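Quick look at what Swiss-Prot annotates:
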type     : residues                                                             : note
ACT_SITE : Cys100                                                               : active site, nucleophile
ACT_SITE : Cys196                                                               : active site, cysteine persulfide intermediate
BINDING  : Gly9, Met10, Ser11, Gly12, Gly13, Val14, Asp15, Ser16, Met35, Gly124 : ATP binding site
DISULFID : Cys100-Cys196                                                        : disulfide bond
SITE     : His125                                                               : site 'Interaction with tRNA'
SITE     : Gln346                                                               : site 'Interaction with tRNA'
Amino acid sequence: MSKRRVVVGMSGGVDSSVTAWLLKEQGYDVVGLFMKNWEDDDDGEYCSTRQDWIDVVSVADLIGIDVEAVNFAAEYKDRVFAEFLREYSAGRTPNPDVLCNAEIKFKAFLDHAMSLDAEMIATGHYARVRERDGRFELLKAYDHTKDQSYFLHRLNQAQLSKTMFPLGEIPKTKVREIAAQIGLPNAKKKDSTGICFIGERPFRDFLNRYLPTKPGPMKTPDGKIVGEHIGLAFYTFGQRKGIGLGGSKSGNGDPWFVAAKDIASNTLYVVQGHDHPWLLARELVAGNVSWVAGEPPAEGFACGAKTRYRQADAACAFGAATPGPAGEARFSLAFDDAQWAVTPGQSAVLYDGEICLGGGIIESAVIGQPGQTAPARALAEAR
């Protein structure tokens with residue numbers, strides 16, 4: 001009886017390396033696949049692709065599996081990076097990891113793996129897949145401190161049916177222990193913390209290579225000009241550092257935060273104080289919707305939601321929203337408690353306990369506390 005073939009996405013990191021070893025120990029026919037998603041010539045000294053490939057080969061030799069490299073740089077630029085630039089140009093703050101998972105790691109990579117006669121694919125993500133009544137559910141990882149279901153919420157039934165997450169039941173500390181015990185050459189390698197195409201370079205320097213600067217006024221909610229910004233694309237909601245403002249002599253000395261963008265007038269709005277009403281949203285509207293089960297929750301469904309990675313689930317009620325210009329689905333969330341710095345372009349991801357339901361891209365939010373009159377504006381909505 002032939003072994004079931006599983007193609008493992010190997011990055012050169014500890015998580016994917018331990019994933020490959022675990023599956024090999026469980027008797028699978030494991031093949032490693034290294035994805036090159038960014039051309040070295042585009043990234044110079046900041047990209048670690050060469051060293052990552054060396055680490056993948058070293059690990060594959062140690063655990064006794066075949067490994068190959070595949071270049072998805074063209075697909076990445078077309079499906080992920082181009083959208084990344086479009087969103088920043090529109091004043092929003094995208095999350096390319098979400099799109100990369102949906103379009104590259106679980107689409108282009110999955111298709112390539114199937115061409116290698118694989119039955120399944122596996123990655124080192126911290127999440128879980130559960131089959132129940134013929135349907136597949138995406139669950140949070142056992143180690144909630146490392147849970148990555150937020151980045152995986154756009155996966156569909158076809159993708160989940162072919163996916164394994166061996167680390168979903170294992171604490172990160174145990175993964176490090178396994179790597180050391182079996183002598184992986186990359187056992188002490190640090191976890192990657194940035195987007196590959198940005199690397200360790202200052203983010204503003206990177207973005208400036210692709211987007212033009214367009215200076216404009218920096219104003220307070222009452223219209224007072226307090227400075228000049230270098231371009232709306234270079235700021236994000238809730239940002240404190242890099243604004244160029246100290247404590248206001250006429251104010252209370254509290255730190256300044258980016259609170260809003262007016263695309264039409266090229267104005268950046270800033271406020272003083274972490275809990276300023278302009279930084280607190282009680283409702284949001286999201287588009288570009290994707291549901292793991294293929295259909296949305298019921299109107300009024302009480303759920304939890306994250307509007308950024310590592311955020312605790314915030315209690316809210318799900319609702320339908322006015323469709324987009326082309327009739328595309330949207331949804332709304334009404335939170336029990338106001339949420340801080342809800343950012344257009346980021347993902348709003350819904351949960352029913354441990355189950356990730358799916359989500360969408362935040363388009364706008366209603367700011368201010370209940371009972372207060374919030375400024376009549378949409379947060380960086382430029383659609």
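Glycine residues also receive a Cβ, built from the backbone N, Cα and C atoms like all the rest.
Structure coloured by features recorded in Swiss-Prot.
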residue: Gly9; record: ATP binding site; contacts (Cβ under 8 Å, 6+ apart): Ser16, Leu33, Met35, Lys105, Phe109, Ile121, Ala122, Thr123, Gly124
residue: Ser11; record: ATP binding site; contacts (Cβ under 8 Å, 6+ apart): Phe34, Met35, Asp52, Val56, Gly124, Ser192
residue: Gly13; record: ATP binding site; contacts (Cβ under 8 Å, 6+ apart): Asp52, Asp55, Gly124, Asn186, Lys189, Asp191, Ser192
residue: Asp15; record: ATP binding site; contacts (Cβ under 8 Å, 6+ apart): Gly124, His125, Tyr126, Leu167, Val175, Asp191
residue: Cys100; record: active site, nucleophile; contacts (Cβ under 8 Å, 6+ apart): Asn37, Tyr76, Val80
residue: Gln346; record: site 'Interaction with tRNA'; contacts (Cβ under 8 Å, 6+ apart): Thr93, Pro94, Asn95, Thr307, Arg308, Ile361, Ile362
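There are 26 other CB atoms within 10 A of the CB of His125 (site 'Interaction with tRNA'), with all protein chains counted.
Those residues noted as binding ATP (Gly9, Met10, Ser11, Gly12, Gly13, Val14, Asp15, Ser16, Met35, Gly124) have their most widely separated CA atoms at a distance of 16 Å. Other Cβ atoms within 10 Å of the Cβ of Met35 (ATP binding site), summed over all protein chains shown, number 24. Following the DSSP three-state reduction, the secondary structure of Ser11 (ATP binding site) is coil.
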